[in-house]
Amino acid sequence: MTLSLTLTEALWFLPFVLPICIWVALSDLRAMRIPNVAVLALAGVFLGIGLVLVLGVGAWTFETYLWRLAALGVVLVIGFVISSLGLVGAGDAKFAAAMAPFVAPGDGLFFLMLFALVLIGSWVTHRTAGRVPALRRATADWASWDQGKLFPMGVALAGALAIYLALGLSAGL
């Protein structure tokens, strides 16, 4: 399968997005919360780098930029509905919305499948790691260990975005 995400997009986005993804994953593991400032940082990266792709590099038209930005609004509304039903946390919904503009329109289905795989892998890894005594002692303050059926979804969300952008980078090289 060929990604719609271009090498140029991946090159510009990944260096700025990756640290935010790591921050979100660790925050969710530690406190079962995704900080609003992390969501705003991710949205800010899209706003800024997206404009660079339009005005500086010429890789996008302004229309492309606006359509990508519209995805944020659509996912935010869907996320709020899902969050109000108690299916995901509000931070998860907001972070998913901030992630949406980074996914190329032709890659939506691919990204959902990637997210599903990362979610399953993250869940299995988290549950397995939680049974390792040395790891539990080293991360005893992590709230995610003792949440019963709840899972730090930010790990899977952030992981899927980072992997997607890395795949775009590797596919273009």
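Quick reminder: no glycine exception, Cβ is built from N, Cα and C everywhere.
TrEMBL entries are annotated by machine, without manual review.
Taken verbatim from TrEMBL:
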type	residues	note
TRANSMEM	6-26	transmembrane segment
DOMAIN	17-120	domain 'Prepilin type IV endopeptidase peptidase'
TRANSMEM	38-60	transmembrane segment
TRANSMEM	66-90	transmembrane segment
TRANSMEM	102-124	transmembrane segment
TRANSMEM	150-169	transmembrane segment
In the same chain, who gets a Cβ under 8 Å from the transmembrane segment (102-124) while lying at least 6 residues past its ends? 1, 3-6, 9, 13, 17, 46, 67-68, 71, 151, 153, 155-157, 159-161, 163-165, 167
Give the one range among 38-60, 66-90, 150-169 whose Cβ atoms make the most pairs under 8 Å with those of the transmembrane segment (6-26). 150-169
Looking only at the domain 'Prepilin type IV endopeptidase peptidase' (17-120), what is the mean pLDDT? 97
Taking residues 6+ outside the transmembrane segment (66-90), which of them lie with a CB under 8 Å of any CB in it? 32-34, 43, 46-47, 50, 96-103, 105, 153
Kindly report the helix/strand/coil residue split of the domain 'Prepilin type IV endopeptidase peptidase' (17-120) according to DSSP, in that order. 88 helix, 0 strand, 16 coil
Near the transmembrane segment (150-169), which residues from the same chain, at least 6 beyond its ends, have a CB less than 8 A from one of its CBs? 3, 5-7, 9-11, 13-14, 17-18, 20-22, 24-25, 27-29, 32, 34, 88-89, 91-92, 95-96, 99, 102-103, 107, 111, 114-115, 118-119, 122-123, 126, 144
Lying 6 or more residues past either end of the transmembrane segment (38-60) yet within Cβ distance under 8 Å of it, the residues of that chain are 6, 8-9, 12-13, 16-17, 20, 23-24, 27, 68-69, 72, 91, 94-95, 97-99, 101-102
